[in-house]
Amino acid sequence: MLSSRHDVGPARCAALAPGLAPGADIVTKDLDPPPDAPSYDYIVLGAGTAGSVLASRLSESGTRSVLVLERGSYLADVVGRIPLLSNARAFQARYATHVRTTPQPGLGGRTSTVQVGRQVGGSSAVNATLYTRGCHADFDSWGIPGYTGSDLEPFFKRSQAHSHELRTERADVYGYEGPWATRDMPQLFGFSKPFVEAAGALGVPTSDYGMSERGMMATGAFFLQTSQTANGSRHHAGMAYLPSNVLKARQNLTLCVESCVEKVQIEGPNDDNKAHKATGVWFSSKGKVYYARSDNVILSSGAIFSPCILQRSGLGSPQVFEPLRIPVKVALPGVGAHFKDHLAVPLHFRGPMRDSCMPMVLPATALPTLIRQAWNYFIHGKGWFTTPGTLETVAYLSTEQIQLMDDGDTGSRLRVQGTDPHKDVPDIEISFEAFWAAEDMPRFHGLGGSHGVMAALVYLVKPRSVGHVHIKAPDPSVLPEVEPNSLQEEDDVRRLVLAIRLAMTLIKHMREQLAYDIGPACVPGWDDSKGGWKDGLAKRGGDEFDFVDPQAIAEKDIVEHIRKWGFGVQHMASTCAMGTDGDAAVEPGSLMVKGVEGLRVCDVSVMPEVLSCHPQAAAIAIAEKLAADIESSE
Ligand SMILES: Cc1cc2nc3c(=O)[nH]c(=O)nc-3n(C[C@H](O)[C@H](O)[C@H](O)COP(=O)(O)OP(=O)(O)OC[C@H]3O[C@@H](n4cnc5c(N)ncnc54)[C@H](O)[C@@H]3O)c2cc1C
């Protein structure tokens, strides 16, 4: 926790609104703000990934007063810097807000948990630290002037301080002077090179850390980059943009932690002003209610909570909040609509124990493994503790380019054809990791001894199914309804089936052609109860763990596997999408909420469509761009 100067206190923060309780009192009534409330040039709601950038950049020149309100704490502890361990904090309620989705018929009626980092740095403080920029064509497909790949590229570079361990600098592609540390993957598990090689053999272009000549990400297979310093410390947006020296030095910047935004004060239209206008923010801290004034409010509370704050402020679909007695200010059907997330389906395998992080949880090996890895981390800045959730390698591709080929007798017949790394928008990601991709760490047949668990994750990164986020009560402590509508579109299931067949073809190639010692543990067609392929599936070779032809696996078995194991991967976006059509909540370019002056949204929720990539770098680039746009317009 920072010194009290950055905690709530009427002197620097806001006037207390006496006698009011957080929740319904504030949200359902049109209250007059306290007359003595302090005023700021800008108020940023949420010091998460995008909010940290905005608070820092807008206060940089010293000419604007900026208040930033964050529901979580300011943490600067050692564990928070260790990438693998701080990623595990995403599962702990102290560091992340967890919202159970509604039961998903597309996932066999299961619910899943949406995680939102709750501390300065937001989700970038608990995420896996993967750094991917997204393809030019992905941004171009939004069709928003100012937000094409070429428009955003300078802001990716502006944010970045990249370090290469083994390669020479490429100033045309990477940024080296920005506040946010990123680096090439510091270590590689034994499966990473065969994975990329097998992807290449199947026709997926391979590239140098996935960066295209034009500076953005290319479609293809590559080793990943991470948001870490050169010595292996997580570098989240709070560390990069709001380090304690910045907070101490800037008298014009006030950070209030453990402060929950209740609603934005919306006034008008009236004789003075023809439009609705944001004039301040109600927030609560430790059971008390505060108010701060501003004509410029920026919502950066993420894809789940930015729409909730708008709905509590009377902005959104009236059917959602009128029944909760929240006065309607502007009807905006796009607020909370168009929820999208990537959906991942794990395929579990048994592979060499040396390439699996399983020893970290086996009673006999846990302690020596942790000591060895801690040594490697603290002395060399390397090893398992630096891995982004043990995921180091990835292949991005488009299902439109997966072709069924006649490959003679190899049995591996799916191929990727005709990829243009600079033009395609991938709809599938396949990654590989050294651990279970299931929270309860099931005991699959074939694990133990010299073989540990590993998993390929097959992600649908351009889902057609659309969900929503709706508040359920005026009280912000009541979590919203998150309805992802996972796999409601048949085409989503079809593309996942195809991608899973391709992923299994790739893994089979690793075993058969590259002699990587990998076998099935929990994949479609494999019957774990008997430790063998289902009846009727003929495998090649005589070993128990040899693969069958992925084309021979029944579609119904693959669909069953998808519904049983699929989960959302915390890349939620688009719930306050910018755009020109009637459903869009936010004006393209200016990021102003439609019909309301002085109120903007700037975080992943403004993305018109979820990107194919891991989104933290894009959240930062979009915030860098808005800060630069404000700077140049004032
Ligand atoms: C477990 C996990 C792993 C991930 N892995 C990766 C990865 O490896 N690479 C990658 O690129 N992306 C990853 N992501 C996604 C990425 O981190 C997010 O998409 C991105 O950080 C979102 O940024 P944001 O600014 O939109 O929101 P956030 O960073 O979530 O910020 C929102 C902030 O608003 C605050 N807030 C919310 N409501 C209120 C309120 N009422 N009052 C005050 N404050 C409030 C929150 O506490 C939070 O700090 C991961 C996400 C998670 C959760």
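Residue numbers in this text run from 1 along the chain shown.
For all residues, glycine too, the Cβ spot is worked out from N, Cα and C.
All TrEMBL annotations are machine predictions without curation.
Just so it is clear, the model here is predicted, and its values are computed rather than measured.
Residue environment of H571 (active site, proton donor) contains 23 other Cβ atoms, counted within 10 Å of its Cβ in all protein chains. Mapped onto three states, the DSSP output places H571 (active site, proton donor) in coil. As annotated by TrEMBL, active site, proton donor applies to H571.
The active site, proton acceptor feature in TrEMBL is assigned to H614. Within the same chain, the residues at least 6 positions away from H614 (active site, proton acceptor) whose Cβ sits under 8 Å from its Cβ are N127, A128, L130, Y131, T132, H571, listed in sequence order. According to DSSP, H614 (active site, proton acceptor) sits in a coil region rather than a helix or strand.
Feature annotation from TrEMBL assigns FAD binding site to V261, P615, Q616. Applying an 8 A CB threshold to same-chain residues 6+ apart, the list for P615 (FAD binding site) reads G134, H571, A573, V604, M607.
Distant neighbours of the domain 'Glucose-methanol-choline oxidoreductase N-terminal' (117-140): 46-52, 70-75, 80, 83, 86-87, 89-90, 95-97, 147-152, 156, 182, 210-212, 214-219, 224-228, 234, 236-239, 242, 255, 257, 302, 388-389, 391, 394, 396, 422-426, 570, 611-621; these residues of the same chain sit at least 6 beyond its ends, with a Cβ under 8 Å from one of its Cβ atoms. Taken from TrEMBL, the feature domain 'Glucose-methanol-choline oxidoreductase N-terminal' applies to 117-140 (among others).
Outside the domain 'Glucose-methanol-choline oxidoreductase N-terminal' (302-316) by six or more residues, the chain places 27, 45-46, 48-49, 97, 99, 114, 116, 122-123, 261-266, 326-333, 335-336, 339, 469-471, 474, 476, 480, 482, 572-576, 585, 593, 596, 599, 601, 603-605 with a CB less than 8 A from a CB of the stretch. Taken from TrEMBL, the feature domain 'Glucose-methanol-choline oxidoreductase N-terminal' covers 302-316 (among others).
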Count of other CB atoms lying within 10 Å of the CB belonging to Q616 (FAD binding site): 26
Segment-level pLDDT (mean, integer) for the domain 'Glucose-methanol-choline oxidoreductase N-terminal' (302-316): 98
Listed in sequence order, residues with CB under 8 A of V261 (FAD binding site) and six or more positions away: L45, G46, L69, R71, V281, W282, F283, S301, I309, P476
Conformational class of V261 (FAD binding site) under the three-state DSSP mapping: strand
Largest separation between Cα atoms (Å) of residues that the record links to FAD, namely V261, P615, Q616: 24
The domain 'Glucose-methanol-choline oxidoreductase N-terminal' (117-140) - residue tally per DSSP class, helix then strand then coil: 9 helix, 4 strand, 11 coil
